[in-house]
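What TrEMBL annotates here:
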type     : residues                                                                                           : note
BINDING  : A:THR27, A:GLU28, A:THR29, A:GLY30, A:THR31, A:ALA32, A:SER74, A:THR75, A:THR76, A:GLY77, A:GLU147 : FMN binding site
BINDING  : A:ARG385, A:GLU386, A:PHE387, A:SER388, A:GLY419, A:VAL420, A:CYS421, A:THR422, A:TRP599           : FAD binding site
BINDING  : A:THR460, A:SER515, A:ARG516, A:ARG524, A:THR525, A:TYR526, A:VAL527, A:GLN528                     : NADP(+) binding site
COMPBIAS : A:191-202                                                                                          : compositional bias 'Polar residues'
DOMAIN   : A:21-165                                                                                           : domain 'Flavodoxin-like'
DOMAIN   : A:210-446                                                                                          : domain 'FAD-binding FR-type'
REGION   : A:179-207                                                                                          : region 'Disordered'
Amino acid sequence: MSTHGDHGTEEYQHSSASRELLILYATETGTAQETADRIARECRRVHFHCRVQSMDAYPPETLISEHLVIFVVSTTGWGAEPRAMSSLWNMLLRSDLPNDLFEDMDFCVFGLGDTAYEKFCWPAKKLSRRMQSLGGYEICSRGEGDEQHRMGVDGALDPWIEYLLEVLIQLYPLPHEQDNIPAGRPPPRVSLSNVGSDTSLNPDPLDEDTKFHTASVKCNKRITAEDWFQDVRHFEFSFEDDIKYNPGDVAVIHPSAPASEVDSFLVTMGWANVADNFFTVEHTMLDQTLPDHLPKFVSLRILFTRYLNFNAVPRRSFFQLLRYFAVDELEREKLDEFVSIEGADEMYDYCQRVKRTIWEVLSEFRSARIPREYVFDLFPPLRPREFSIASSIEFHPREIHLCVAIVRYRTKLKIHRKGVCTSYLSGLKLGDTLRIGLRKGFISLPTDPNTPVVCVGPGTGIAPMRAVIEQRIHKGHTNTTLYFGCRSAHKDQHYHTEWESHAEERKLRYRVACSRDGPEGVKRTYVQDLMKEDAQYIWTMLGQQQGILIISGSSNKMPTAVREAVRGAVERFGGRSNAEAVEYVAAMEREGRLIEECWS
Amino acid sequence: MAPTAIYTPSPSQITSEVKKSLMNASSPHEIVKGPVLAIGSLDTAQDGKQMLDRLIDGAISLAPSNYTSIHILLSPSEYTSLSPSLPSLLQQTLAGLTPLGTLHLLNLTAGFLSLPHELTLAGFMVIESVRDGPDARIVAQKPLPIATPLPSALPIRRKTDPAKQSSKKALWALSSPSTPTIDAEALLTAADRERPVPTCDPVIVGAPRRKKACKNCSCGLAELEAEEAKSGKVVLLDSDNAVEVEAGDMAKSLIAAAKAAPKATSSCGSCFLGDAFRCASCPYLGLPAFNPGEKVEIDFGMDDI
C-alpha cells in the first residue's frame, strides 16, 4: 500500500468545484448496478456528484486520469469476475505496469458475494490488492456484501456507506457549513413529458447500434425428447449482413416481454388507458443509470415490453421505495416489517426464496399508486442475455446457431418460474426478426493441424464445442476429441447424429457419458469418469502432443473434476509427482492450453 | 464474514487487570463518556488477537464515530509486526472514534519513534506521549469534524505532476494486450483467502427461513426441506371451495379431486389478499391474490414436471 508521507510535504486542498467521483460497476444479474446507483444517491449527502458506469462501457484509457473511483464488483460462478469486468481487469493485470501508475487515484471497493462459496468476493479482493500495488490509495477498507446475511448485501452495504461518507467528508471537507440533504423519498431519476401524436421520427437505438445485426428465425426446434423434463432448443438465425465470428464467441440478445403479459400487467397497474400515450424521457438525476438503447419517444407499453423488467425478483430497495406509494394501512405495515432488520427473514421467505416477481408483489400490494415518473427507479432494466454460439460461420455462412435450455421451474409458488430471455426465444416463430449482437469469446484454436484439441462440453456446454468442431472439420483439422455428458442417451444426447457421423468419417473421436442410464444403485458416469478411463490417451493428446483442452458448460463441480482427471493422467502417464502434476495443469492454463468457457 | 459493526464489550466485560491499567493510562483529555473499545492480543488479553488481524485486513470494520476511546495493548513483538499495517489500523480507529475521541497505544517499547508521525499522517492529533518507563504510551485525539479543517487533519497529498502524468497515460494506454499478466490470485493475502464461515442459524420449524440447505447440511434443514417437498399440497379452487390435493401426478389428481371436494374454510378471512398477508396454515399459500368470491383459475394443462 502506498504511503503518501514518503512523497514530500506539498499539500493541496480539494476545491469544492470538483466534488465529483466515478463509480465503476461490474454486474452479472443487475445487483451491482443497483448497488452503484444506491451509493451514488448516498454520496449526494456529502455533496458529491457521481458518474456511474458499467466497466465494459467505460473507456479504459481514461482510468489513468481519474482521481476518485469507487469500484462495485460482483462475484459470479465459483469466484470469477463478471464478464463486464474481464477486459479492464486483464489490462490491470499486465506485468509491465509500474507500481506508482495510479498514485494520483483515491479509490475503494465494494464487493458483492455469497459466503456459501469459498472464493467469497475474490474479484473485489483481487481488484483492491491490485489497485494498491499500482499505487492507488485505498481511502477506506473494502466492503464485502454477503447474500447469506439476513439482510442480504445491505447487511454490509448500509454500514459501509456510512463509513465511506465519513471518509469522504474528511478527505474532501466542505468549505463551509452545508445543509444536510434530508432523508426520505429520493427524487425520480427522470422527468417525463407527454408528446402529441407525431412520433414518426423515432429511430430505435438498437437498430442503429452497429454491434448488432438483424436476424430472421430460420429454425426453432426442440432437441430433447417430448417427454423429457428439460426443453432444449436448437435455433438457427440467418443474417443479411456478412457477419463474422469465431468459435467461443457469444450472441447477445435483448428479450421482449410477451404482448399478452404486458397487457395484463398494465391492467394490474391501472395504466391500461394510458398505455399507448407517448412521452419523452429526460434523464434528470444523472448519477443514476438508465436502460441502454432507450428511444426518444416511448410509451408505457413500449417501456415494459423492451426496457423495464416487471418479471424481475425485487430486492430490498424495491420494498423500501414501494413503501412511499402504498396507501393501505395493512400494506404499509407489512412493507415496514419487510424492510426492518427483524423482518428480513420474512421478506426473504416471501420474495427472494420463492422468486416472487415484481408484478406478483404489486398484485398483492394493490393500494400502491405508482407515479409513472418512478418506473425507472422501481423496475430494473431488462438486460440482454448472452449465449455461446453453437455454429461455425465457415460451415454456415450468414447464420448463427444456438443451443439453449429453456428456463422453467417450480418453487413453492403454484405458477411456474420462467427465464425472461429463454421464454422469449422459445416463443419465436419462423420468419420473426430480431437484432443479435456479437461479443468475442476466449477460445483460440491452434493453427497447426497436428495439435490435438480435446473438448469437454456436457449439457448445453456443447454449444461452443459444436462451433469448435465444425470449424476444425472445415479446416481439415481432424485431431479433435469430444467428451459429451448428458443424462439419457435417447432423451438429451444433443446433436448425437452429427457426432456419430463425424466419428464414422474419422473427423472426430466421440465419447459420451449418459449419467442416468446406468442401473439403479450404481455410481453415475460423468465426462470426468470417461477421461479417467482414458488417462493414457489424455496424456498422449495433452502432454506428449501438447494439445489444448477446452471445457465448457455449467460452472459447478464439473470443471474442477475435469482438471482433476487431467492431473491424474499427467501423474500416472506423464511420470510426474502429484504436486508436479498440479503445477502442470496450472501451467497449461497460463499458456492458454486449458481454456474454460463456463457459465453459472 | 461480511463487515459488520463490532459491538463493543460493555465495560464490565473488560477484565479487572486490564481495567486497572486502563484507569492508570486514561488521559485527562478524555471528556466524554461513551462506549470504549479495548483491543488486545493473545499475549495481553483474551480474545483480541483475531479482531486485530481482521481490522488490519479490512475483513471487519468499526461502526463509524462510535467509540469515545480505543485502547490498544499489545506485546512488543506484536507492535513491531504491526508496523507495515499501521496506516490501515490507524485509518480504521480514526473512523471508529467519535470526534475528540482518543486512541491510546499502551505498553509501547522504545523503538516506536515514528508513531507520532504516522498518527499525524492518519489525521490524529497527538496529545500525550510518554517514551520511557513501564507506562510508555501515546494518546492521540480525533479532531472535530470540519467546519474549519485543521491542516494536520488532512493526509499529505502529492500534487499531480503534469510531465509524469503524460508518461503514465502512455504506459497505461500503450501497454500491449499480449504483455504477460501477473498471477492475480497471488495478490491475495492469507486473510483474504480465509474461507468464510457461513452463519448457520439453528432451524426453527415453521419460522421463515433465509437459507437453502447446504450440500453437507448438518443442522436438519435438508431433511425438513425434503419432507416438505414430499408432502407439499396443491390447492384447486373453484367458487368458494378449496380442495387440497397431493403433489404428484398433477393433472389427473386435480381433475379427480375437483369432483370429490369437501369445503375448506379460512380461519382468518384474509386469504384473498395474497401471500404477503396470509397465515402459515392458509390453504391458498402459493396462489395469487384474488377478489373474494371469484373463481381462481390456473391453467394446469401446461407441462408441469
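Placement of Cβ uses the backbone N, Cα and C atoms for every residue, glycine included.
Just so you know, TrEMBL annotations are computer predictions that nobody has curated.
Here the features listed in TrEMBL are placed on the structure.
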{"residue": "A:THR27", "record": "FMN binding site", "DSSP class": "coil"}
{"residue": "A:THR76", "record": "FMN binding site", "DSSP class": "strand"}
{"residue": "A:CYS421", "record": "FAD binding site", "DSSP class": "helix"}
{"residue": "A:THR460", "record": "NADP(+) binding site", "DSSP class": "helix"}
{"residue": "A:SER515", "record": "NADP(+) binding site", "DSSP class": "coil"}
{"residue": "A:THR525", "record": "NADP(+) binding site", "DSSP class": "coil"}
{"residue": "A:TRP599", "record": "FAD binding site", "DSSP class": "strand"}
Between the binding-site residues A:THR525, A:GLN528, where is the Cβ count within 10 Å the lowest?
A:THR525
May I ask for the distance between A:GLU147 (FMN binding site) and A:PHE387 (FAD binding site), taken between their Cα atoms and rounded to an integer number of Å?
26
Candidate binding-site residues A:THR27, A:THR29, A:SER74, A:VAL527, pick with smallest Cα gap to A:ARG385 (FAD binding site):
A:THR29
Quick one: pull the CA-CA distance for A:TRP599 (FAD binding site) versus A:THR29 (FMN binding site), whole Å only.
13
Shortest C-alpha distance to A:SER74 (FMN binding site) - which of the binding-site residues A:CYS421, A:THR460, A:ARG516, A:THR525, A:VAL527:
A:CYS421
What does DSSP give as the helix, strand and coil breakdown of the domain 'Flavodoxin-like' (A:21-165)?
56 helix, 36 strand, 53 coil
A:PHE387 (FAD binding site) to A:TYR526 (NADP(+) binding site) - Cα separation in whole Å:
24
Largest inter-residue Cα distance among A:ARG385, A:GLU386, A:PHE387, A:SER388, A:GLY419, A:VAL420, A:CYS421, A:THR422, A:TRP599 [record-listed FAD binders, Å]:
17
State the count of C-beta atoms found within 10 angstroms of the C-beta of A:THR460 (NADP(+) binding site), not counting that atom itself.
22
For A:GLN528 (NADP(+) binding site) and A:THR29 (FMN binding site), determine the Cα separation and express it in whole Å.
30
For A:THR29 (FMN binding site) and A:ARG524 (NADP(+) binding site), determine the Cα separation and express it in whole Å.
33
Given the binding-site residues A:ARG385, A:ARG516, A:ARG524, and counting only Cβ atoms in the protein chains shown, which has the most within 10 Å of its Cβ?
A:ARG385
